[in-house]
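So the structure is just underneath, and the comments pick up after that.
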Amino acid sequence: MLKPFCEKMSIKRKSKYTLGVLLLASFLAIIMGLANVPMAQTSPQIPVYKVVGNADLSNPGSASYWSQIPWINISLTANIPMAPTSGLTHYLLVKAVWNGSWIIILERWYAPEPAFGAWSAAAAALYPPASGPGLFRQIMLTPGTTYTIEKNYTNYFSIVNGNIIQGRLVLNYSGILLPAPNDTQITVLSNGTIILWHSPRPIEDLLYSDGMFYGYYTNNTWYYPDRAAIMWYMGSVIPPTKDGMNIGGKVPGQAFDGVTFNDTGGSLVQPGGAANIWMWVSGATWNNATYDPAFKVNLWQNTSLTGLPYIDPDNHGFAVPLYTNNTNMYEVDTAGIWYTPVTTSGLNGSLFFIWTGATYQNGYWTVEFARPLAVPSAYAKWMPNITVGKTYYVAFAVWQGKLGETLFDKSITSNFLTLELVTTPPTSTTTSTISSTSVTTTTSITTVTSIPSTTIYVTIVGVVIAIIALIILYVVFRR
């Protein structure tokens, strides 16, 4: 009579052991999976610390409070994978403060070859005598790209190595044919590499789609300005999952040389997305009369050239205020020097609302952005008010123009990072050493690598499952 009961107890005990082993294995699998996601990366954040004092834009980073604020090391990646002129800046150092009425953001990055003297093409277009590097872009086509001149296009002309030839230029890469617009100009280097002169947005889209875009061409005398930008997300989808921009035409639905472009270059990929962008440009907004050609000719004090009804107060450095959404990229002023203006009237002073100061020393750019926390009501549709208690999603980009980065060819954060105004003092951080061929500096650094929000959600779900598994194990073995 006891044997069946003993067998039943044995089976019950074995069932417990089996269930326990399965749950334990599941628990370990979850832990191993979570181990592959560094916990320091699950909540990327830029704290903006409360300080007493103002920005010193004449000497960025020199204000006494900066020495108490830790650097945050933000990883950057190539905007165009595999392009040799994309992703040249691997990390960006950032720290931020607020003083009750202004937010001040300090950036620093390694730049072995500063783009001194290069015009911003948009600024150069306002000044007819402009000369020197940066007046327009030149594209290096993918090695192996060839060309022919199709003579049956009798109304077309092409320019090859300075010679005007009747016929239409057709590019060929691995059997993919791309007929070029009328009056297309190319230079063929001695090694067969093709350099395309000028680059309207639609052309860049077509070249990129057909695998012919290799990068922007530079040499010792032709290059582009350096840039740094901060994107402030203002869209309806929270949190945003993408900070990328479309490559496309100049306006939505643009018809160019027989091709219609649905997307506009610079418009946001994120559905429901919108953002304000602060763009510093060494060849237009630096306020350095020696190396910034726009300030050298006093461009921003000349309303007859800029088309603006106001001038740059005190001729200080600034960041171009941009606004982008799913439709287009815009400029938050009335002239539309870089992009289409958001409106044709009002917005007095908006182009120079964000102040900047910049220095280049020992192989590093240091750029300081300063902006009032509150914006005028006329700006509020395109610029965020920044307040305590709110989380902001920001992204960063850097261009090294001397090395070929310009326009959509840049180094970017792979996702948005959170930014908040805080009232607590900075936390202690590990001291790290930044080394390069030209400078060695010891500074406090917190490393932040942006990861997709989906990874964060998976991590949280995994932790919850692990806790539930432990509870089940406890209940099973307690019985």
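Each residue, glycine too, has its Cβ placed from N, Cα and C.
Features of the protein shown, as given by Swiss-Prot:
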type	residues	note
CARBOHYD	Asn73	N-linked glycosylation site
CARBOHYD	Asn99	N-linked glycosylation site
CARBOHYD	Asn152	N-linked glycosylation site
CARBOHYD	Asn172	N-linked glycosylation site
CARBOHYD	Asn182	N-linked glycosylation site
CARBOHYD	Asn219	N-linked glycosylation site
CARBOHYD	Asn262	N-linked glycosylation site
CARBOHYD	Asn288	N-linked glycosylation site
CARBOHYD	Asn302	N-linked glycosylation site
CARBOHYD	Asn325	N-linked glycosylation site
CARBOHYD	Asn348	N-linked glycosylation site
CARBOHYD	Asn385	N-linked glycosylation site
TRANSMEM	19-39	transmembrane segment
TRANSMEM	456-476	transmembrane segment
- If you measure Asn99 (N-linked glycosylation site) to Asn302 (N-linked glycosylation site) at Cα, how many Å is it? 33
- Item | DSSP-derived class (H/G/I helix, E/B strand, else coil) of Asn172 (N-linked glycosylation site) | strand
- Item | Length of the line joining the Cα atoms of Asn172 (N-linked glycosylation site) and Asn73 (N-linked glycosylation site), in Å | 42
- Query: Hey, what's the Cβ neighbour count for Asn172 (N-linked glycosylation site) at 10 Å?
  - Reply: 15
- Sparsest-packed of the listed glycosylation sites (Asn73, Asn99, Asn152, Asn182, Asn385) - C-beta count within 10 angstroms: Asn152
- Long-range Cβ environment of Asn348 (N-linked glycosylation site), under 8 Å and at least 6 residues apart: Pro309, Tyr310
- Calculate the distance in Å between the alpha carbons (Cα) of Asn302 (N-linked glycosylation site) and Asn385 (N-linked glycosylation site), and round it to a whole number. 30
- CB contacts under 8 angstroms to Asn325 (N-linked glycosylation site), restricted to the same chain and 6+ apart in sequence, sorted by sequence, are Gly235, Ser267, Leu268, Gly273, Ala274, Ala275
- Message: Considering Cα atoms only, can you say which of Asn152, Asn219, Asn288 is the nearest neighbour of Asn385 (N-linked glycosylation site) among these glycosylation sites?
- Response: Asn288
- Task: Check the Cα-Cα distances from Asn262 (N-linked glycosylation site) to the glycosylation sites Asn73, Asn152, Asn182, Asn219, Asn288 and tell me which is shortest.
- Result: Asn182
- With a 10 Å radius around each C-beta, find which of these glycosylation sites (Asn262, Asn288, Asn302) has the fewest other C-beta atoms nearby. Asn262
- Message: Given the glycosylation sites Asn182, Asn219, Asn288, find the one whose Cα is closest in space to the Cα of Asn73 (N-linked glycosylation site).
- Response: Asn288
- Within 10 Å of the Cβ of Asn219 (N-linked glycosylation site), how many other Cβ atoms can you find? Include all protein chains, please. 9
- Task: Determine, from DSSP, whether Asn348 (N-linked glycosylation site) sits in helix, strand or coil.
- Result: coil
- Using Cα positions only, nearest of the glycosylation sites to Asn152 (N-linked glycosylation site) (Asn182, Asn219, Asn288): Asn182
- Task: For Asn219 (N-linked glycosylation site) and Asn182 (N-linked glycosylation site), determine the Cα separation and express it in whole Å.
- Result: 27
